[in-house]
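*Asks:* Structure below; questions to follow.
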Amino acid sequence: MVARLLLRSWSRGLAVGPGAPCRPLSTGFEPSQYLQRSIVPTMHYQDSLPRLPIPKLEDTIRRYLSAQKPLLDDSQFRKTEQLCKSFETGIGKELHEQLVTQDKQNKHTSYISGPWFDMYLTARDPVVLNFNPFISFNPDPKSEYNDQLTRATNMTVSAIRFLKTLRADLLEPEVFHLNPAKSDTDTFKRFIRFVPSFLSWYGAYLVNAYPLDMSQYYRLFNSTRLPRPHRDELFTDDKARHLLVLRKGHFYIFDVLDQDGNIVSASEIQAHLKYILSDNSPAPEFPLSYLTSENRDIWAELRQRLVSGGNEATLGKVDSAVFCLCLDDFPIRDFVHLSHSMLHGDGTNRWFDKSFNLIIAKDGTAAIHFEHAWGDGVAVLRFFNEVFKDSTQAPAITPQSQPASTDSSVAVQKLNFKLSDALKTGISAAKEKFDATVKSLTIDYIRFQRGGREFLKKQKLSPDSMAQLAFQMAFLRQYGQTVATYESCSTAAFKHGRTETIRPASIFTKTCSEAFVREPSKYSAGELQQMMAKCSTYHNQLTREAAMGQGFDRHLFALRYLAAARGISMPELFLDPAYRQINHNILSTSTLSSPAVNIGCFAPVVPDGFGIGYSVQDNWIGCNVSAYQSRNAREFLQCVEKALEDMFDALEGKMIKT
């Protein structure tokens, strides 16, 4: 139960509550510079967080075989089962013991952290579409505040307030409260702040509060992924005080923090952004941003050419900027246009390597597009929620505010790059590849209005499990098979936890899907309801295990990584076609729901897959799906809608329409 609720808290992206009532303000504390003033220091719990457990090898093998069962025929399953037995008693046992020993020697981190960073940073595929997702903000409830200049100014100020609050250790620690009446109180916070940090987690645990890992937060700002041959580098320069702004492919910088570390006045930021928006320069012939969409080794070589061509200092300004603000010159037409714009755009007005891009369209539609190597969205989601809350509830300017009378032509620096013929050729080649890839991507969206979380909970069913069941039914209806499915689950309850995989395709979802899709007339509504209940119970178990670090994917990944690192012949288990198949995730899924979130999306993780972003709200279910040319996203969504209609019919005791 605890794990399930924890998962709802961070993986589902519930809105972060307001900061605790402040301590008496000390001299020099300026409230307008900060989002909140937490009684408990931001990183108070970090030292005492529990360590990510390494599952028992026998549990991992059992879970792995359970996940393989719906994907394999009897002959394939017997072969995989035999390989698992050999692995468990042979080389797998040795590797597991080595992993446990290594973990005991590295108590400052988790067993997955290093290998997971390596996995991302050694990947040579472009970051855009292959790794970077986006989350879009809901519009400001006050429509006049959705003006592009107004919203860009307010969101920028709120973002810098977050930065200052985080670095001053004044941001509320990320904690999930099972009993907020006891733990989310001033009384408890005043007590726990005096408990030494190496014991503080235990103090919170005693009142059913669960602090979460916040180690990824320091990479939010002033950070960029730098392309390097073979393995990229994560770069952070927290001394830099300037913002990077992209518009029409041009690069601009100006300081958002003064020399004393105070936020530049909102009216000055407004003036500088207005100045940038009024720049009528034509788009550059060779937009540099395309290079961040390239294969990482090609980009590394071209970046070296940029550096040796006299652009090192200018590139340094891009890399060290607090973040990248992208101002687009067009309004958003609909959800599909929004998804294409925020997931990839036209390639000219994003710096895909930046820890995050804050994108604001002409009509004020806003989104965060983020690079994935540095973190898993835990920090991004907290930042996202806080920026939305602050910019809508305590905006720095109003639509009537006048920009400061300041000389923006001096304060704003336009960055110019010296491009050799080789670099121009490289940019043109990158554009060609980017355009071709984007052209092959389709995105479509549905909103199922018949019901959502409230109805499903009344039926005592997990809303997430029912959404996942709908995807299984839809794929079976469309393509006639059950395939490898991935749902991400945060393990932020542990020090340096990353993610674990929930495997939603199970023998229960397969049985239930076949009943609904292939022979619904054979079963009564009651029998179908019982099948759905079994799916829900099992999905809850998988979710609970994953959140507690008790999945199988990360453990097997770490064992495989260890074998490769130590030059050991790759165990047969990892050469089994079934292992490759279960890691070829045709259905890759992720869910978010928050008062701040409008919609999110990512591209398929394999060429013949679907990328499924979904949200189960109180009274509706939204689903945003991406696909390349070998799959039909529109048809898949029609099948999802049919699945949901059938499920709701069964839950209401009606016959399933064939």
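A Cβ is built for glycine as well, from the same backbone N, Cα and C atoms used for every other residue.
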*Asks:* If I go by Swiss-Prot, the feature intramembrane segment sits on one of 149-178, 179-208, 299-328, 539-568. Which?
*Replies:* 179-208
*Asks:* Within 10 Å of each Cβ, count the other Cβ atoms, then let me know which of the binding-site residues Ser462, Ser488, Thr499 comes out lowest.
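*Replies:* Across Ser462, Ser488, Thr499, these binding-site residues, the one with fewest Cβ atoms within 10 Å is Ser488.
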*Asks:* Are there any residues at least 6 positions away along the chain from Lys460 (CoA binding site) with a Cβ closer than 8 Å to its Cβ? List them or say none.
*Replies:* Ala533, Ser536
*Asks:* Using Cα coordinates, what distance in whole Å links Lys424 (N6-succinyllysine) and Asp464 (CoA binding site)?
*Replies:* 48
*Asks:* Could you round the CA separation between Lys418 (N6-acetyllysine) and Gly452 (CoA binding site) to a whole angstrom and send it over?
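*Replies:* For Lys418 (N6-acetyllysine) versus Gly452 (CoA binding site), the Cα atoms are 54 Å apart.
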*Asks:* Looking only at Tyr486, Ser488, Thr499, which the record lists for (R)-carnitine, tell me the maximum pairwise CA distance in angstrom.
*Replies:* 12
*Asks:* I need the neighbours of the CoA site defined by Gly452, Arg453, Glu454, Phe455, Leu456, Lys457, Lys458, Gln459, Lys460, Leu461, Ser462, Pro463, Asp464. Which other residues of that chain put their C-beta within 8 angstroms of the C-beta centroid, in sequence order?
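*Replies:* In sequence order, the nearby non-listed residues are Met466, Val616.
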